[in-house]
Amino acid sequence: MKLKIINTSKNPMPAYATTLSAGLDLRANLEEPITLKSLERTLIPTGLRIELPEGYEAQLRPRSGLALKQGITLLNSPGTIDADYRGEIGVIVVNLSNETVTIEHGERICQMVIAKHEQVTIEEVDELSDTERGAGGFGHTGKK
Ligand SMILES: O=c1ccn([C@H]2C[C@H](O)[C@@H](COP(=O)(O)OP(=O)(O)OP(=O)(O)O)O2)c(=O)[nH]1
């Protein structure tokens, strides 16, 4: 599928892949670096707006390197970009480390995966079919 992008950021398009099979790394678009204290969260602008075809969503996911090395992850992971959203993509990051972390302009802060989803019609009913599991959940089978 074709993904239309408006890039109003200071990160030129060559900084972005033109085709993607999985995640596209999104870069912070900042006037100045942002510092995040331990457990602090913020919305990072990307300067990107996209037009997804109906039936698709974009998911924002953490980058494993940032998570492992700096404790930076996405608070609402995966962030959902709706097909009808035309605003700027923002990235909600949180610092789960014990130290202050600095995010610079142009840093790759998350990855965006485009996914197809079912078009679902909701039917309200009085009963659901029986299964062996029934209402058992939340670890009811134990640990081992
Ligand atoms: O990490 C995110 C999550 C959302 N959005 C944008 C795109 C999305 O289509 C819109 C709404 O997101 P969501 O449905 O998660 O937010 P909400 O809290 O339910 O707000 P709304 O009432 O606007 O739907 O905000 C982002 O830019 N980044």
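Just so it is clear, glycine is given a Cβ too, placed from its N, Cα and C backbone atoms.
What TrEMBL records for 12-142 is domain 'dUTPase-like'.
Counting every protein chain shown, the number of other Cβ atoms lying within 10 Å of the Cβ of Arg63 (substrate binding site) is 20. The substrate binding site annotation in TrEMBL covers Arg63, Ser64, Gly65, Asn76, Thr80, Ile81, Asp82.
Across the domain 'dUTPase-like' (12-142), DSSP classifies residues as 10 helix, 46 strand, 75 coil. In this structure, Ile81, Asp82 are the binding-site residues from Arg63, Ser64, Gly65, Ile81, Asp82 whose C-beta falls under 6 Å of some atom of ligand 1.
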